């Protein structure tokens with residue numbers, strides 16, 4: 001081990017020394033360039049669309065069944081193509097958990113430009129780009145192109161992937177699997193027929209950007225990136241786009257055994273033209289005998305159709321019923337519709353006009369309903385791990401709750417099925433419902449699995465014995481603030497850890513969010529169940545640390561659902577205070593202008609105005625800051641720039657009672673954060689990477705676990721919660737010797753009060769027992785990485801002509817910025 005450390009220090013010293021570059025010591029190998037995806041090469045070999053006939057297997061599968069926490073989304077599979085209908089928040093996470101391959105997804109269809117349908121699209125596009133997919137085609141409302149333009153404000157240029165937009169007015173689309181027809185549908189008299197929480201379009205004269213958020217003076221107006229239009233678009237909430245999808249004809253299968261019985265030259269080159277002829281429906285003559293095509297082939301499948309239609313409210317019913325394109329597919333034997341997917345609320349389904357429209361498709365057409373009445377567990381792995389963690393400490397790791405459906409669906413005279421996560425309808429080879437993939441949540445199985453793990457029960461019992469000397473649970477749980485970790489992973493949502501979001505319950509009736517990544521509302525639903533509206537009603541402010549997608553793309557859904565919650569609680573609506581980099585306003589402004597009205601939801605406080613010594617020139621901002629402090633009962637809300645991307649901030653909350661919570665956001669070790677957080681009661685600090693990956697941490701401007709702990713110790717924080725782990729540590733990070741009695745590890749849905757600080761370190765042994773297999777795998781990966789580094793060090797030493805034994809090497813402190821790599825700290 002001493003020799004290993006010596007070699008690693010030698011390699012580190014040479015790579016960081018002056019006059020040498022990092023490239024001279026190949027400790028980190030560049031990733032090989034991605035080859036073209038295999039399915040694309042296979043497609044090229046098959047030739048133009050339709051040349052080989054239709055696919056053998058086609059099915060539709062429910063990704064999200066329409067519940068309030070998950071939205072509605074549909075996945076369509078064939079061996080040639082993959083399709084996704086709608087992409088709300090959390091869809092990428094569900095596809096990853098249930099192994100629905102994102103990398104094969106080359107077509108996304110959107111039924112309307114509403115956040116419930118597009119909230120996960122920006123993250124999905126970034127993931128598709130990372131997989132190497134060269135092109136993705138998006139179909140839907142005309143604002144779709146402007147939406148893709150707007151997300152560049154925070155994603156940057158989307159190089160490496162071609163995003164082709166097919167407007168709803170374009171002619172039909174055809175590929176190897178099917179032909180897709182887009183049907184635009186406009187509501188009748190849309191204006192004025194809305195529920196208060198649905199964010200109807202207001203006249204522009206009543207809602208200028210200045211009126212919607214008086215927090216910014218002209219000097220604070222955000223500047224849009226190059227290529228992003230500043231012109232106001234035409235929002236159209238009265239438009240939805242339905243899709244009729246017609247499968248290509250599938251030629252019959254050649255009956256080899258029957259051909260042998262007839263004496264045909266099976267197994268020779270002469271059989272090829274015979275097969276081609278009979279598959280085309282032509283008869284052949286063999287030895288003077290005419291053989292009909294149906295004697296040698298199974299019957300062809302003419303290709304059924306399926307329909308995907310969204311009917312958001314009753315104002316769309318009549319236009320749908322009167323649509324001529326739908327009428328051509330209703331009750332026609334030559335164009336059978338196998339399935340109609342209805343994304344519609346109960347108020348639509350019980351309407352007699354809509355029911356009559358459904359009946360006109362005929363008795364052989366199946367109907368699938370996706371709406372909030374569909375009760376289905378979606379995030380099974382999250383429920384599993386929480387059930388097992390609950391065995392360790394039921395208060396800190398509370399059980400999750402499924403968001404309840406309201407009531408039984410309406411009784412209809414057509415074959416109707418309510419959606420469930422992973423429910424399938426197979427269109428080919430035979431039409432049928434398939435329920436074998438539907439997930440079931442069985443807590444008893446999760447508990448038995450955990451209790452059978454070696455040393456788990458023993459470690460839990462030992463922890464409980466050691467905890468008896470602590471304060472009584474009732475005393476601990478009555479304290480505020482209460483910290484709820486809703487998302488503790490980095491970069492992209494994954495099956496166990498969602499992306500950044502932390503709820504701080506300051507008091508029973510006041511809370512704020514620290515960051516708000518994609519899927520935050522869904523996490524709130526799973527944590528609070530039917531109490532989620534009450535929690536949204538207490539939300540006073542949101543802090544957004546920076547404009548990376550994993551920290552802010554859940555904000556819009558929180559805003560929309562909060563308005564709905566206030567209406568259901570009978571509370572008056574008022575804008576939510578949002579503390580964020582000024583650039584967030586540019587994104588919200590673009591989405592507001594082009595897609596959906598949202599600016600009336602926020603009152604914006606630029607994060608830079610809360611820095612120490614910042615001058616506030618706008619009286620409006622001063623009023624908002626005063627309101628923030630008064631509403632949250634805070635003595636101070638301070639921000640500082642941290643060492644991550646441009647315009648990245650950390651924050652410190654100082655309560656009037658004296659406690660202080662500091663949140664790092666994303667950052668490398670940062671002196672400004674240390675100064676701002678001095679004597680914090682609690683530091684929540686990102687710990688994206690494990691120890692030993694300091695160089696990667698610098699490259700990605702993040703912190704390792706020991707670096708995060710060091711920041712807390714220098715800050716003199718009473719306790720340190722590590723957060724924002726790389727998804728390579730899906731269940732638990734690697735523990736280091738620096739973990740002490742002042743350090744805890746955050747998990748999704750973890751609930752922590754200040755009275756739990758003494759308990760947190762005692763949880764580590766049971767956690768190690770629960771995740772022993774995962775820790776072993778991570779340690780093996782670390783050993784392999786260190787072995788590669790040793791080999792690289794030996795090679796570097798050999799190339800350098802060797803070093804004298806005992807030559808001193810000064811290991812560079814990883815909390816300082818290497819001279820060899822200039823990292824911008826804003």
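Just so you know, glycine gets a Cβ as well, placed from its N, Cα and C.
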Given ranges 769-797, 798-826, the stretch to which Swiss-Prot attaches the annotation region 'Disordered': 798-826
In three-state DSSP terms, the structure that residue 736 (phosphoserine) belongs to: coil
Between residue 618 (phosphoserine) and residue 736 (phosphoserine): CA-CA distance (Å): 47
Neighbour count (Cβ, 10 Å) for residue 618 (phosphoserine): 17
